[in-house]
Amino acid sequence: MGRFVARRLLYALPVLLATTFLIHALVFVLPGDPIQGLAGDRQVPPAVLAELHRRYHLDDPLAVQYAKYLGGLLTGDLGRTFTGEPVADVLAGRWQVTVRLGLTAWFLETALGIALGVLAGLRRGGWADRIVLAGTTLAIAVPVYIVGYLAQLILGVRLGWFPVSGDQDGWPAAYVLPGLVLASFGVGYVARLTRSSLLENLRADYVRTAEAKGLSRRRVVVLHTLRNSLVPVVTFLGVELGSLMAGAVVTEYIFNLPGIGQQVFQSIQLREGPTVVGITTVLVLVFCLANLVVDVLYGVLDPRIRHD
Amino acid sequence: MTTMPHHRSVRTAALLAALVLLAVPACTRAGEGDDSPVPQVPGGAFSVGLTEPDHLTPGRTTSSYALQVLQGLFDTPVALDPGDGHVIPQAATSVQSPDQRVWTLRFRPGATFHNGEPVTAQSFADAWDAAAYGPNGWEANSYFAQIDGYAALNPADGRRPATDRLSGLRVLDPTTLQVTLAAPFSQFPMLLAFPAFAPLPRAAFTDPDGYDRHPVGNGPFAMDGDWQHNQRIDLVRAASYTGTRPATADAVHFRIFTSKDTAFTELRAGHLDFMSTVPAARAYEAKRTFGKRYSVRPSGTMDYLGLPLWDHRYANPDVRRAISMAIDRGGITRAIYNEVHIPADSVVAAMIPGHRAGACGETCGYQPVKARELLDRAGGFSGPMELYFANSDPTYEQWMTAVANELRQNLGIRDVTFRKMAAADLGPILNSRKTTGPYRQNWVIDYPSMQNYLAGLYNHDNRMGWRNPRFDELLAKGDAALTRQQSTAYYQQAEDIALAELPLIPLWNWQDQSVWSSRVGNIVTDPYVAGLHLDRVTVRH
Amino acid sequence: MTDLDDSPGTPRVDDVLPPPAAPPEPRGRKASGSLSSDAWRELRSRPLVALCAGVVLLIVLMAAVPRPFIALLTHDSGRCELADSRVGPSLDHPFGFDLQGCDYLAQVVRGSRPSLLIGLAVTCGALLLSVLLGLLAGFYGGWVDSLLSRVTDVFFGLPFVLGATVILVAFPSHGLGAMTLVLVGLGWTTMTRVMRAQVIALKDADYVHAARSTGAGPLRLMVRHILPNAVTPVVVVAMLNIGNVISGEATLDFLGVGLQYPALSWGLQLNAAQSYFLDFPHLLLFPALFLSATVLSFILLGDAVRDAYDPKLR
């Protein structure tokens, strides 16, 4: 197990380097002057321009910029935004918003998804099954911003049940609606996955044996089937947690949650290289970690899989 | 760095449970939905919707969002009357010049910063020096360009300047500052209302980053805690304030939104008290929902299409006029901006002294048939037409689409394409004059004077590549004239030349829509630099 | 065995797939044909599938020949008049007018083309790429596999919207072709992993060993023996993927980093509608309806195909 984890971490290193370099190249190598862009119609005096270029290493060649960036990274310096704020501070401030939103969505997804999936699986072919299938498919198919605007309009403004936007003070009320919107997509997948996995397991030999032994169906489902059925669901939920933590650009945009997704989208538009690269690095890292955790969990849940 | 998010998420997870238990749902606030007039009593706190500013050190920003906060934190030498924009004293008691070149500013004695440090003529001189010093890279640098010695602080070749002091500034005594300009400039007092001309305490220079998070000013409000980036900025009434405009309310809470739509929705839901940036798309909704608590106020900002005169296809003024006449300004402001913006009939906005209704004449009207004739007579238009604009606001794309449709339908230009890009990309393309077609920009005024438009848009470095000696001469005469009437007359002649040559096509002037909750009263906004006059707002509490 | 290194990291589309099938018996073309014909029979018997196929067919027709639809359904003058901006639906103009005063039905019909083109082109491109890479990685193993797997990780870890936004903002004057490339560039990883897992499962099958012992070269082994048996699950994932691509492209348009005038698309229409939808809900409604119906149909069709090819769920 230890060796497995160590090797996975080792694999993550070149992936991280390659990803940061890729983003770095895209953000920095292109024409365009972020400093002039900030100034709008007013032309920046040459002396000011020269100073700001020097401050943000904008005149260096790509390789030098990237080397300087990596150097800073090793000493824990993620660079500064063009308003002079350290990127690490930006990340720190925004991270908790994204984590809150991600966790809210994730819990909703897990609870609703598994509950609906079990319900549908046990009532296969019945009305409950059909409704769950139809509803989850719809949730998967309708783009999140349409769901978002409709939810905001109906549940937030017309009915007034939820705050329509939130910042850090809005926890937890302001996170329910965006969490629900963000989760709508995943709920569909979790429910379907649970359902199909449950169905597959209910047909398995050991279930028949258990039933033949005279155990009640409820006992069979709860004790035997559910645990095994959850293996693929846990896999999905693990990866999902990683991608939820990666910030939800659209949801954060619609509900004005100042999280990672919103920040990085803005920074891309402003050509704020250090911010974009910094956040992406962290995102990829989180993603790799989530994958690793999933792999380990996979082994714990399903005894047939062993990492040596 | 690599452990940070992990660490944070662990901490956050630990906080989750505690927060769930502690979180109190937003309680209903006093007076919500009460439409009776707000009593004129001091006290209470109100919230204002804001977009994240870039900096809060006066010389380091020209962002209107920052200016709104600085309106409460700082007293500039003068202010502009919210009614007609005339100069009124604020930190200075008088601003005078015998020749429009050497100006004497006398400051109110006894004023202090929020930390108790006295405000003196030196506080102003230090602040101006810092902003004008090129290597500091402060955003408001160019506002000091008229002051003598600016060039020495900003060498054209990017070398380090030999001095860090403006030679045009002389502190005569603790309350008197003498400012010498490089050339006569009659509009100088107006410029002094811009926040970059506010004084700075010593703390601003010892710890610039800390100061930017927690600016210490000389205005009616002081910071209450640090600026919480992307979340909030809290102001509290300054106890030490002795100036001309003491605050009525006890506190102002700026809440920062990324999306103005969201801010508006928040205000509708009763969680915010004021915002002045209601998106034009929500105009009907705002009028319907807020009634008397909705106001629309003309602003000096003008959208225009600049033309690349170095491209031979745009060299003939008739082609430029034809493009102008093919655009249905009224139709666009109605369809895209819900009649919030006003079609331009002049280079300057109607609120600017010296504006003449219809100065642009037929050229700025919608004349599709004449436009086509004009274009045909000028030899037509060949090749693709590329329209350049920044992606900073979604409405730009909407009205550019309308313009593109009109150019195709009215002028028969078949191949119209977009060059939509980040502002960071557009700026350098415009500066290096590499545009191959009309580009969209707007001019935001610094002070309400015709001179600000004319010098800002048509100066020697203009992005259209337009030069006209007669125009330059008239502008200089206006700057040196001793009376307002004289300068206005020169400026108007210069404007006529710009409109006849039409290197840029004026489109429309913006208006700002404000809405506020029934908790606040005495809402005074101005279109110049201050925005909402925070000090005057009264709160029902 | 730690061959599971990558396979658990499966995202939304393929997680519903069964794990790589146990090495099947070597089959001639006839046998696999019977599996497809079984599947086909299964598909035809379901009314929902017929409905979805109908919707997809309609959208395909609209994208291919928009004119008859427009001529038949509305009175489009071909001009956009700002005076008509946002006028609601009427008998002559069933969807009303858009922000620019263009007939909305005509615009929505014309908007189907880019969505569909991108959905299909991206899926085909990603399918080809992933079949190739998955085949190479799975067959050769060793450093080839390691390298390709790490590259897959790099692209897999990039969040879709962010990755696409960075690239598209960096190249502002992109058209349909560039959009397709970007979406392929970000969309090949899942299918590659599925393909690789299939190939790994198959390459030790008896019939492959048998073929190898008769002197078949690697190319022949890959193309003739492994590919036909490994490709089905990948194609199923690709089917499911079409809807996601269409939805993803619309998201990028919605965020303002996707297609540009004079292109038309549902995503662009939704983008234009977003701030006006409280007062003029029809602006949001029609493109949302078309987009959702298309995506839904593709996803349900993909689902049905997967069910049909997966004997375990029958």
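Here the Cβ of each residue, glycine as well, is placed from N, Cα and C on the backbone.
The annotation region 'Disordered' is assigned in TrEMBL to C:1-35.
Residues or ranges marked as transmembrane segment by TrEMBL: C:48-65 (among others).
Among the features that TrEMBL reports, transmembrane segment is placed at C:116-140 (among others).
The annotation domain 'ABC transmembrane type-1' is assigned in TrEMBL to C:116-302.
If you look up TrEMBL, you'll see C:160-186 (among others) marked as transmembrane segment.
Look at TrEMBL and you will find C:226-246 (among others) tagged as transmembrane segment.
The annotation transmembrane segment is assigned in TrEMBL to C:284-305 (among others). Sequence-remote contacts of a segment are chain residues at least 6 beyond its ends whose Cβ falls under 8 Å from one of its Cβ atoms, and for the transmembrane segment (C:284-305) they are 39, 43, 46, 48-49, 51-53, 55-56, 59, 95, 104-105, 108, 111-112, 115-116, 119, 236, 239-244, 246-247, 250, 266-267, 269-270, 273-274, 277.
For the transmembrane segment (C:48-65), the residues of the chain that approach it from at least six positions outside its boundaries are 109, 112-113, 115-117, 290, 293-294, 296-298, 300-301, 304, judged by C-beta separation under 8 angstroms. Through the fold, the transmembrane segment (C:116-140) approaches residues 59-60, 63, 148-149, 152, 176, 179-181, 183-184, 187-200, 203, 218, 221-222, 226-227, 230-231, 234-235, 238, 241-243, 245-246, 249, 294, 298 of its own chain, all at least 6 residues removed from its boundaries and within a Cβ separation under 8 Å. For the transmembrane segment (C:226-246), the residues of the chain that approach it from at least six positions outside its boundaries are 12-14, 17-18, 20-21, 24, 27, 32, 115-116, 118-120, 122-123, 126-127, 130-131, 134-135, 138-139, 183, 187, 190-191, 194-195, 198-199, 201-203, 208, 291, 294-299, 301-303, 305-306, 309, judged by C-beta separation under 8 angstroms.
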